[in-house]
Amino acid sequence: MRRKAPRGKPRRHAMNIMRTGLLLAALTALFMGTGYLIGGTSGMVLALAFAVATNAFAYWNSDRLALRMHRAQPVTRMSHPALWDTVARLAQQAQLPMPKVYLIDARQANAFATGRNPDNAAVAVTAGLLHNLSAPEVEGVIAHELAHVRNRDTLIMTIAATVAGAVSMLANIGFFMGGNRDRGQFGVIGVLIAVFLAPLAAALIQMTVSRTREYAADAGGAEISRNPLALASALAKISEQAKWVQMPSAETHPNSAHMFVVNPLIGMRLDRMFSTHPPVERRIAALEAMASDGTYRRPGPPPRRSTDRRSPVPVVRRR
């Protein structure tokens, strides 16, 4: 039986739909403009066809691409019963269909959600998250990701990652063309494309994926888990660990950094370009305020590093 989404979210849903449409329109215009500069009218027509294909692919397959970027492996109730049951229980509390569950074989503690709608959602967590965080903290992070699903943030988040990757591909093509001096003025255009489109990919993510969605997901996660202090503690641990534990897949695909609960590129130069998250300190302060006002009465650990009991590291079965 299909569950109804909670009321009170139509405005946010409408805004995300509008942002998705604007993002796809901007991608189409960018491809067409580049095609015209390189190949005139015929180049623009070819670019339009390519843009339409890219848009269709982004809408239907961006979630699968995001999971593939980070080599996420599917989880079943038999392979990881504790993780599966936690997601199932929190999804029920959020009044959401059971999402697919994935595990990323990475030492850094982190997680993200993807999917074009709640019926096609997936939640991916790293092995480091299960190993380094306590059970209540893991619940807080998963609840945060389910709040993204409930708020319908996941569509714009995954499409933004795909669009940024497509724009970066254009930049590489432009750089290749620019390296061929025999092309004359088109070589100069290629260099300009390579120089300006890479920063544009980062700016595109920052402008279309609002930082306010993280505050909303934190509040939603606290509501779902009834434990804002556990989520605050998780954010403190994840952000601190991300400064010294690298995540290779995020470094390879920095355009997907905005999807994670905490930017996996903290402490790196790439973090400055792909700074899509609000300061963790402010997010923790907001969660502490939620706990202090008495709305959420279930106690949680303080937002600091500690030697809490840890969940066992699951074995990732690769196909």
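Including glycine, each Cβ sits where the backbone N, Cα and C put it.
TrEMBL entries are annotated by machine, without manual review.
So that you can see what the record holds, here are the features copied from TrEMBL:
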{"type": "ACT_SITE", "residues": "Glu145", "note": "active site"}
{"type": "BINDING", "residues": "His144, His148, Glu214", "note": "Zn(2+) binding site"}
{"type": "DOMAIN", "residues": "83-290", "note": "domain 'Peptidase M48'"}
{"type": "REGION", "residues": "291-319", "note": "region 'Disordered'"}
{"type": "TRANSMEM", "residues": "21-38", "note": "transmembrane segment"}
{"type": "TRANSMEM", "residues": "44-61", "note": "transmembrane segment"}
{"type": "TRANSMEM", "residues": "155-178", "note": "transmembrane segment"}
{"type": "TRANSMEM", "residues": "184-205", "note": "transmembrane segment"}
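In the shown protein chains, 27 other C-beta atoms lie within 10 A of the C-beta of His144 (Zn(2+) binding site).
The Cβ of His148 (Zn(2+) binding site) has 25 other Cβ atoms within 10 Å, all protein chains considered. Mean pLDDT for the domain 'Peptidase M48' (83-290) in the predicted structure: 84. Annotation: Glu145 carries the greatest number of neighbouring Cβ atoms among the recorded positions Glu145, Glu214 [cut-off 10 Å, Cβ to Cβ]. Residues Ala113, Glu145, Ala147, Asp153, Arg213, Ala216, Ala217, Asp218, Gly220, Gly221, Val261 surround the recorded Zn(2+) site, their Cβ atoms falling within 8 Å of the Cβ centroid of His144, His148, Glu214, which are themselves excluded. Geometry remark: Glu145 (active site) versus Glu214 (Zn(2+) binding site), CA distance 10 Å.
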